[in-house]
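A.B. asks: Got these off TrEMBL a minute ago, pasting:
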{"type": "TRANSMEM", "residues": "27-50", "note": "transmembrane segment"}
{"type": "DOMAIN", "residues": "43-294", "note": "domain 'G-protein coupled receptors family 1 profile'"}
{"type": "TRANSMEM", "residues": "62-80", "note": "transmembrane segment"}
{"type": "TRANSMEM", "residues": "86-108", "note": "transmembrane segment"}
{"type": "TRANSMEM", "residues": "115-136", "note": "transmembrane segment"}
{"type": "TRANSMEM", "residues": "142-165", "note": "transmembrane segment"}
{"type": "TRANSMEM", "residues": "186-203", "note": "transmembrane segment"}
{"type": "TRANSMEM", "residues": "209-228", "note": "transmembrane segment"}
{"type": "TRANSMEM", "residues": "240-262", "note": "transmembrane segment"}
{"type": "TRANSMEM", "residues": "274-296", "note": "transmembrane segment"}
Amino acid sequence: MPPFNLSSSTPATFILTGIPGMEKSHIWISIPFCSMYLASLLGNGVLLFVVRTERSLHQPMYLLLSMLAVTDLMLSTTTVPKMLALFWFSAAEISFGACLTQMFFLHFSSSAESVILLAMAFDRFVAICYPLRYAAVLTQSVIVKTGLVALLRSFCIIFPCVFLLKRLPYCGHNVIPHTYCEHMGIARLACADISVNILYGLAVPFAVIVLDVVLIAVSYVLILLALFRLPSRTAHHKAFNTCVSHVCVTFLFYFPAFFTVLTHRFGRKIPHHVHILLANLYVLFPPLLNPIVYGVRMRQIKEKVLKVLLCPTAHLLQE
């Protein structure tokens, strides 16, 4: 006799438990989480507004930066509002369809951000190694195509996860020990073999992102070689500064991502609440820090932001 009924094995809702073992601290944890989320909305919103309204910033580097801001907003907004509702109102239930939707956009935005970071590395490579060809290589048409590639590649990688989860029987198991829905967190509730989910969920996205990291690393090796050949220290310093912001943002995105994935898969001795806290910081830190890094490191962004904030009326009248 089969141990479960496959015909009625898909739950209508899942229950998110939050951070296991820290339920009594949810309200206190929500304060910094909410503050970081609001700051990321403000920072990325101001960045998008400045790039949109300042014609002098309608250049490839700043258009790619706008794409990065959009993916950051998608990454955090997909997860944080539901997380805060769980912390504040004990709104733990989420429908099966909503859970799959949240899972899809979470991984989709992460994959898209990886493509954009790779495109930004290529932008810096062309600007430093082939400055005379920069305008011909990185046209607005190329930037639009880059955005489409980011969307298409991310969709093709992540969409199969939806079907891999829908095919599984769950036998009434619907409690997810997490603050949001992610692929392996849902798959582990299934009462069937999930080896395909493990293989696909780890191998395919991980391999693609590793490829992006390798290409970014190759770009910066070539950039460093080009920097050493620059004739003057002033040119060397100026070119180096243009890369620092992107290196910081790349590190902020990939380091917590890899650390979260590796500890989630192989860190058996690490307490479960530590896994969940790291996963939460992964969706909060990059959207919060990326606009700060670019605002501090890039003179053009800093000047335009100050102009908009200090003289908003005059700025709008000029437009």
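Quick reminder: no glycine exception, Cβ is built from N, Cα and C everywhere.
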A.B. asks: As a test of reading the model: what is the averaged pLDDT for the domain 'G-protein coupled receptors family 1 profile' (43-294)?
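C.D. replies: PLDDT averaged over the stretch: 88.
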A.B. asks: Counting only pairs 6 or more apart in sequence, are there at least 3 Cβ pairs under 8 Å between the transmembrane segment (240-262) and the transmembrane segment (86-108)?
C.D. replies: no
A.B. asks: Establish whether the number of Cβ pairs under 8 Å between the transmembrane segment (115-136) and the transmembrane segment (209-228) reaches at least three, counting only pairs separated by 6 or more residues.
C.D. replies: yes
A.B. asks: Please identify the stretch among 27-50, 62-80, 142-165 with the greatest number of Cβ pairs below 8 Å relative to the transmembrane segment (86-108).
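C.D. replies: Going through each listed stretch, the top one turns out to be 142-165.
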A.B. asks: Which residues of the same chain, at least 6 past either end of the transmembrane segment (142-165), have a Cβ under 8 Å from a Cβ in it?
C.D. replies: 60, 63-64, 67, 71, 100, 103-104, 107-109, 111-112, 115-116, 119, 183, 186-187, 196-197, 200-201, 204-205, 208
A.B. asks: Using a Cβ-Cβ cut-off of under 8 Å, list the residues of the same chain that are 6+ residues beyond the ends of the transmembrane segment (274-296) and lie near it.
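C.D. replies: Residues packing against the transmembrane segment (274-296) from afar: 18-20, 33, 36-37, 39-40, 43-44, 46-47, 65, 68-69, 72-73, 75-76, 78-80, 83, 106, 113, 177-180, 182, 245, 248-249, 252-253, 256-257, 259-260, 263-264, 267, 302, 305.
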A.B. asks: Which sequence-distant residues neighbour the transmembrane segment (27-50)? Criterion: at least 6 residues beyond either end, Cβ under 8 Å.
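C.D. replies: Contacts of the transmembrane segment (27-50) (Cβ under 8 Å, skipping residues fewer than 6 from its ends): 19, 57, 65-66, 69-70, 72-73, 76, 80, 83-84, 87-88, 280, 284-285, 287-288, 290-292, 294-295, 301, 304-305, 308-309.
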